[in-house]
Amino acid sequence: MLHSDSHLPSLARCALFLSLLLGFGACTQQATKPRYTIGFSQCTNGDAWRQAMLAGMKKELSFYPEVNFRIKDAKYSSALQEQQIKEFLREGIDLLIVSANESEPVTPIVEEAYNRGIPVVILDRRTTSKLYTAYVGGNNVEVGQTAGNYVAGLLGQRGQVLEVLGAPGSSPATDRHQGFVQALAAYPQLQLVAQVNSNWERPSVLERLPAVLRAHPEVDLIFAHNDRIALGAYQVCKQLRLANRVRIVGVDGMPGPHGGIQLVQDGILKATLLYPPGGEEAIRMAMRILRKQPYDKENILGTMVIDSTNVQTMKLQTEKLASQQQDIQRQQQLLRRQRATYASQQTVLYVLAAALLGAAVLGLIAFRAFRANRRSNRKLELQNQEILSQRNQIQEFAEQAKVETEAKLRFFTNFSHELRTPLTLILGPVEEMLTSNPDLPATHRHDLGLIRRNAQRLLQLVNQLMDFRKIDVGKMPVRATEGNLVAFVREIMDVFEKPARQRGISLRFLPSEPVIRLWFDVNILDKVFFNLLSNALKFTPDRGQITVSIQLVPAENGVRVSVEDTGRGISEQDRAHIFEWFYQGQQSAARGSGMGLALALGLTRLHLGQLTFTSQPGQGSTFIVTLPLELPPALKLLDAAPQATPAFALEEGIAPAATAGEPAAYGSSEALVLVIEDNPDVNAFLTQKLQPHFQVSSAFDGATGLRLAAESIPDLIVCDVMLPELSGLEVVAQLKGDWRTSHIPVVLLTARNAPEQQVEGVQAGADLYLTKPFNPTFLLESLRTLLANRDKMREHFRRELSVDTVTVAPQRIDQKFLADLTAIVEANLGRSDLSVEDVARSLGISRVQLYRKVKAVLGTGVTDFIQGIRLTKARQLLLDDELNIAEVAYQLGFSSPSYFSTSFKARYQVSPSEFRALHTTPSA
Ligand code: FRU
């Protein structure tokens, strides 16, 4: 498996790389860092010869930047020198160069160093020991011998010689003296008459020589161990006026203003013996040793005599050498500077390189991260797309499910609705048979009772289903009227009296007071309490108890009605579900439709109340309805007469009254039915069957039928399908397309009973499709049901018109008619002489047609309708402070303010001024 890009290893790799890089930088730095420490113990650093030695060392060291060179100046003190070498050993050195102040005292510490494994280079002045690594310097015995031989030559091998020695105990002084004496031994007439010790410096000579010289005034030559003390001897000779005669020979042969070469050139010294300081050579030797290169132990630097014969050449050469030396020094300085520059540039370069590499690595990491990021982004995008498409799919499914559910529910509701008519038609004759036939045999009576009970039960279920649907789609209005809730509940309880008694159940009613007046929708609360009581009765065992109590609850500004039973209570499992639609308890023996409690809850909430319950398993349950004492005006049916009649009645079983939802009082003489049937026999039969119940007019063909319909605006039309010329289907289509007749229910009556033919009929706009042969009673009941539905429709339109803004969405032809009518009336409100004729003319119909249309659609007269709009408008105008009541009256076309006030009060129970006072807040 490929490892996915991980930043951590990359970073680790980067860090490792950078540390390696820095390590490399550090290594290159180390190359210029000291690798060797050389300690140089110098007997003195206070004269030109030693300075030259040091300069030579430094010059040579410049080629070895890896050397840490440290020098300690013993200032002619052997004790100090010993101590300083000890310090070197303590501090740690890789090699010791020593120029011993005195051989004897310094030897032990040098030996110790050597014994410790530290290479020792003896420079110029020796110790007494052979325990050293290498010697660099002149051969002082040879120097003494050369001097002796030169002196012999100079003096013609005869004469007196005086020797001024270097510091006693220092090896050059000893060796030079030894060599000098050895040489002189070859010349018997050359006598060393006196010796004077110095400390290698002039003042000691100036101090000691005069006395000795005075003692030996015949001295021809003085051999001094170095040029500095030779100069001192010259000065003494000068003092003693011997300078012209006494020749002086020195050692060192240094260039420079006070050096031996200059002294020879100036004639102060007769000669000087070259004694090279050997600084360069000493360093070179040290490096060979340190680098483990082959080397010689004894490295003798040559000597020669410089006198008048070669002094010029020497001077020139030394000067040239000096200038070359200077050049070299300058070059070295330059080199050093360049090295420093190079080093700093190198550092910068390394830093830059490191930064560059770092940047490259980071860039690489960033690039890889970017790529990984892009990959994961792409992946996320794909996942997103997938999720999105899944979501869309789910949405589609949900949408589809919703549509399907909606369609099913619609079907369900329509189907339920369709059940009502046959149920009503079953209940009607059964009721008639039971009531109009006292001699009915007991078995028949029993069977008919069974039919009635079950039909009633079915009707109740159908009604509940429709209520459920209405609540579900928010189509159930609350129309509250004021009444006594106590009396209302008692009436509902009365219905349960008989079945309770039959089962030995005691039904108790405990109102806290005899009268509790409030606004409530009788239709809604009837269903609520009816269902709660049904439920209690269902679950209370025989000889149990049901208690209904009513109490005012001032704290909640409400009234509480509780229905308490002694049933088996509600199980834990059922508690959460009992209010769900169609839920049937887990162990419910007495199964119901599963709608009762759900409907009660939905209706209570619709009524702005609450329905709760408490239950003790095995002891019983209590359902509590809490209703608000006040309802918002929108839920009040302000201009209706108070009612307190339950919509359900109970007979023997628990079922609604057969009269529930029945047609309103349509007097037989009031409703006009138009029969369009070409068959004279059927036409006559129909007329005969309908005449006892309605006003009937008839036509024998479609065209006549249409004309009659438009003229008389009947309440119902029964039409055959198979008509000559204009078919029944065409008649229906034209009727429904004409706004004057569009509201009229049409029943198509035909022998064509194929399902597709029925569909055709309904599609044409028929409200009912009955097939021949038909049951006259069924036809009659169907017509009644249709009229009842019309009634409801009328109610619906009336309500829509009663809202303050009198606008009706022109969705259907009837609604368009109402909208047109309303618009015409509103445009002419100010006219007190606005007549029905005026309005009919504006609509292009006759006064009678207008009257019948308005009556059919709204159930009111045209004048009432106009008055209604005026009074609705009046409420709006009264809310506006700017008009006084008389102005409102005139503006709305009332002939006088008093007529306006009377009309207003008749409709709204308050006078216009009271209405204004109630609805407007006095301005501060
Ligand atoms: C310098 C010096 C030289 C001499 C040498 C002998 O300190 O006195 O003049 O030749 O030391 O070690």
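Just so it is clear, glycine is given a Cβ too, placed from its N, Cα and C backbone atoms.
TrEMBL: automatically predicted annotations, no manual curation.
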Identify the coiled coil range according to TrEMBL, selecting from 314-341, 370-397. 314-341
With Cβ-Cβ distances below 8 Å as the criterion, list the same-chain residues six or more beyond the ends of the coiled coil (314-341) that contact it, or say none. 32, 55, 59, 62, 65, 253, 255-256, 261-262, 265, 306
Helix, strand and coil residues within the domain 'Response regulatory' (672-787) as assigned by DSSP: 54 helix, 24 strand, 38 coil
Average the pLDDT scores across the domain 'HTH araC/xylS-type' (819-918) and report the rounded value. 82
Counting across all protein chains present, how many other Cβ atoms fall within 10 Å of the Cβ of ASP720 (4-aspartylphosphate)? 25
